[in-house]
Amino acid sequence: MQEELKAIQEEALATLEQINDMKELQALKVAYLGKKGSLTQVLRGMGKLSPEERPVVGEIVNQVREAITKAIDEKSDLLEKAALEEKLKEESIDVTLPGRPVKVGGPHLLTKVIEEIEDLFIGMGYEVREGPEVETDYFNFEALNLPKNHPARDMQDSFYITNELLLRTHTSPVQARTMREYKGEKGFKMICPGKVYRRDTDDATHSHQFTQIEGLYVDKDVKMSDLKGVLNIFAKKMFGEDRNIRLRPSFFPFTEPSVEMDISCKVCHGEGCSVCKGTGWIEILGAGMVHPNVLEMGGYDPKVYSGFAFGMGPERIAMLKYGVSDIRQFYLNDNRFLKQFHQA
Ligand code: FA5
């Protein structure tokens with residue numbers, strides 16, 4: 001029986017040598033140590049041994065079982081380690097491989113120009129305000145010295161929602177709203193960027209929806225020369241020190257006197273070319289001294305307070321600054337156009 005046990009041990013260890021995966025190892029464990037395994041079979045035969053032989057053989061059985069168990073455990077450790085190494089090898093990352101490029105977006109050109117203008121005026125002490133795009137007839141027109149049936153209402157064709165509500169045609173209603181908030185008690189400087197809507201036919205320089213930036217400075221003793229100074233700083237910072245500005249008389253019902261501001265043409269520097277239609281100048285905004293009626297309706301005493309206001313179109317400014325020849329490019333979201341300005 002001792003021989004038989006030794007043979008089982010040798011056979012088990014030899015088989016173990018050949019094993020290369022966990023399944024086979026499990027099968028081997030069952031074949032030798034399981035309920036029906038070879039070692040168990042031998043143990044069953046121990047009943048036939050004499051009482052003296054039993055402890056001796058029992059001890060040998062235990063030794064054989066221990067030896068086989070130990071060898072199986074060692075093999076199991078080895079296989080697990082090998083499997084782990086294999087997995088790590090498969091999942092390893094080659095850090096020297098070039099990375100996949102991540103496409104980086106950027107703000108829309110119009111957003112950049114609006115933010116640039118905002119920064120410029122914030123630097124001169126202006127606060128940035130907002131107003132509703134769906135506006136009342138009162139704030140869009142009446143509070144700006146444009147009573148119902150006033151012929152100047154035709155200057156801005158409107159999208160009416162009801163008799164009293166419309167999509168605002170300009171950012172000027174925010175002038176009236178801000179004056180009412182300050183209740184005529186103190187001076188202030190504000191700008192208001194935002195979307196506006198007009199029944200204009202779309203072409204290279206007109207859109208039915210576009211943006212404006214309104215500016216308003218109300219205080220005691222604000223003069224036309226202050227307006228000229230601020231617009232001059234704005235134009236030079238925005239377009240370059242070598243550019244000149246020109247104010248032409250104009251008409252807006254909410255300012256008196258009213259002006260339009262031209263900037264010297266970037267291409268011909270005032271000589272006259274096709275970009276400026278031969279005039280040497282390009283119009284970029286409307287402005288003027290706040291009309292006394294508008295100050296009064298806003299709660300300010302026009303004998304004590306005065307103010308200037310301006311309204312510009314950031315699309316037109318961006319077109320001039322970056323050489324964009326068609327306003328519709330701003331709204332098409334064509335990435336070939338937009339990405340040219342990500343680094344601008
Ligand atoms: C106004 O809207 C006045 N509210 C501006 C103003 C404010 C004057 C304060 C005095 C005091 P105007 O209609 O000219 O004015 O428009 C101002 C600017 O908006 C224009 O100079 C132009 O740059 C831009 N603009 C006007 N219509 C369009 C359009 N259809 N598409 C794109 N830009 C436009």
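Numbering starts at 1 and runs along the chain as it is shown here.
Quick reminder: no glycine exception, Cβ is built from N, Cα and C everywhere.
According to TrEMBL, the feature domain 'Aminoacyl-transfer RNA synthetases class-II family profile' maps to 73-340.
Under the heading Mg(2+) binding site, TrEMBL lists Glu256. Of all Cβ atoms in the protein chains displayed, 15 besides its own lie within 10 Å of the Cβ of Glu256 (Mg(2+) binding site). According to DSSP, Glu256 (Mg(2+) binding site) sits within a strand segment.
If you average pLDDT over the domain 'Aminoacyl-transfer RNA synthetases class-II family profile' (73-340) in this model, you get 93.
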